Amino acid sequence: MAPWSGFWAASRPALAAAAAGGTPVVVKMDNPNWSISEIDADGGEFLAGGRRRGRGKNAKQITWVLLLKAHRAAGCLAWLASAAVALGAAARRRVAAGRTDDADAETPAPRSRLYAFIRASLLLSVFLLAVELAAHANGRGRVLAASVDSFHSSWVRFRAAYVAPPLQLLADACVVLFLVQSADRLVQCLGCLYIHLNRIKPKPISSPAAAAAALPDLEDPDAGDYYPMVLVQIPMCNEKEVYQQSIAAVCNLDWPRSNILVQVLDDSDDPITQSLIKEEVEKWRQNGARIVYRHRVLREGYKAGNLKSAMSCSYVKDYEYVAIFDADFQPYPDFLKRTVPHFKDNEELGLVQARWSFVNKDENLLTRLQNINLCFHFEVEQQVNGIFINFFGFNGTAGVWRIKALEDSGGWMERTTVEDMDIAVRAHLNGWKFVFLNDVECQCELPESYEAYRKQQHRWHSGPMQLFRLCLPDIIRCKIAFWKKANLIFLFFLLRKLILPFYSFTLFCIILPMTMFIPEAELPDWVVCYIPALMSFLNILPAPKSFPFIIPYLLFENTMSVTKFNAMISGLFQLGSAYEWVVTKKSGRSSEGDLIALAPKELKQQKILDLTAIKEQSMLKQSSPRNEAKKKYNRIYKKELALSLLLLTAAARSLLSKQGIHFYFLMFQGLSFLLVGLDLIGEDVK
């Protein structure tokens, strides 16, 4: 018994620590002279082999292996249990707090209409499920009242004659739209594949290698012909978490100081934030940067008004190009060197757009799912449109405009909340070409809370519908090629901005659960499962490290369809919430190494130390009492909760009719809506 007692004495403290919630341990046995395959072999053969080898293989050694496996299984179960407990505790906090999305900035009228429709659908589905359960129980021999039996028979005849045909017609129409949109996405993916296989890449007319060989030193006064005058704008509004990082990054752009001017366009209404930004600008000005601070007294037009006001300065006429960076963007020092050369000897080029990269893409599940979406947007949509038709929607930041293109297109307009798409469409109608550089990245942040992401998506999907209403007459009258008009109207606006959110919400959140209660109208399995799975697979290809999240991504995209549908309707019919502009909340995430890397080699050590201090100051500000006064809360989202109950009710009905694929889809989609409705995805504010 000595070996067993020795083993137990050695492993008992570690096992006790693991049982108490400590770090899982692995028990190591010295000189194991057997394998798992030997243990799984026939018992007699195993013992015989043991005798032949003269080894003491016995039941105690097998017990050790089973103990290790049991310990590993217990650790897994303990992790699942702790996760479930934490999830339940978070849900209880949300319900106890009682904070709903009624406090959001959206206008109540359109939101309440959609919520009333979803709630009515939920009540109807619960009633129909009760009727079906009563009929099901009656079929098993239970006694039902004659009135209930008569009602069920009348309902079956009524739904077959009057409800199922229009529902099936609507379902078929949505399926057609779904297939058209899927075909469009497949064509874009094939275009991206063609670009990668043939290594197609936008190149300046003067090759970068030749230009680099010919470029003199940056401090050479004769270098002006190679380094045109560039204006850099940083619009911001109450974004004290990130202003230091963006100003530091822009002030360290590798460009002759005499040929660059930085405009910090501060629309903050908080005096403390204004003072902090002024101090930061003054610090960099004293260090030799050409930088100015601008603050508007009349803050009209949101970001578009801010940019329009800045372009009205008298000194702008001395500059040829303007680079725009939002407050959370941190361009690398060589950004201008890799973008501006594309304008040289290319007078038709109006915009050079870089792609985004994200400093917090692994922060939580919400940021991981956003990263999948945006990787597909840049890698496939922007790159394919830029290569093949020289047009895409300007992303509003991390881009360089030819100032002449902005002026010829009417400049910045305040008529919509998507001023970036507005100027891009007008520039395209005026014949300007765009270039997208997939290999030039600019770091930024993703929204970490569902509330911030939801408001951002509402603005991004309501604005295009506003713009479509305003631009449609101009597109029809414009003297451009017919195929360009067709691309703008049918692909850019209708298919990708209107049809996509419409069928996503209508087909998967309303029609599909209704077909469970009206079985005469059907949706085939390939619509519910196979095609969406294929589209999710294509979407996740540009971010291969995110493959473990393919199922959460599919469910989350359908969950977001309610927000996108509501935004699309608001923009299309000019409802109040379509005109709201809410600045996306920032966290100020950036590594110290990233900030130090922003500094050019010729900067003194003191400036590098200043950059290092930015991170420390940012952390101190985030923990200061002044910031603690402004509290953040997790909310309960009523539309998402109502949809979760609707889908789970439909899942229960599909279980009665033994529709396997429909049941699993409805159940998991309902749980997804439940998690989002309780704000259990993204940042957890305690």
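Any Cβ shown, glycine's included, is placed from N, Cα and C.
According to Swiss-Prot, the protein carries these features:
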type	residues	note
ACT_SITE	Asp267	active site
ACT_SITE	Asp420	active site
BINDING	Asp326, Asp328	substrate binding site
TRANSMEM	114-134	transmembrane segment
TRANSMEM	160-180	transmembrane segment
TRANSMEM	498-518	transmembrane segment
TRANSMEM	523-543	transmembrane segment
TRANSMEM	640-656	transmembrane segment
TRANSMEM	661-681	transmembrane segment
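Taking Cβ pairs closer than 8 Å, the transmembrane segment (114-134) reaches residues 144, 148, 151-152, 155, 510, 513-514, 517, 562, 565-566, 569, 638-639, 642-643, 645-646, 649-650, 652-653, 656 in its own chain, all 6 or more past its ends.
It is 18 Å from the Cα atom of Asp420 (active site) to that of Asp267 (active site). Contact between the transmembrane segment (160-180) and the transmembrane segment (523-543) is present: at least three CB pairs lie under 8 Å, with pairs separated by 6 or more positions in sequence. Rounded to a whole number, the C-alpha distance linking Asp267 (active site) with Asp326 (substrate binding site) is 12 angstrom.
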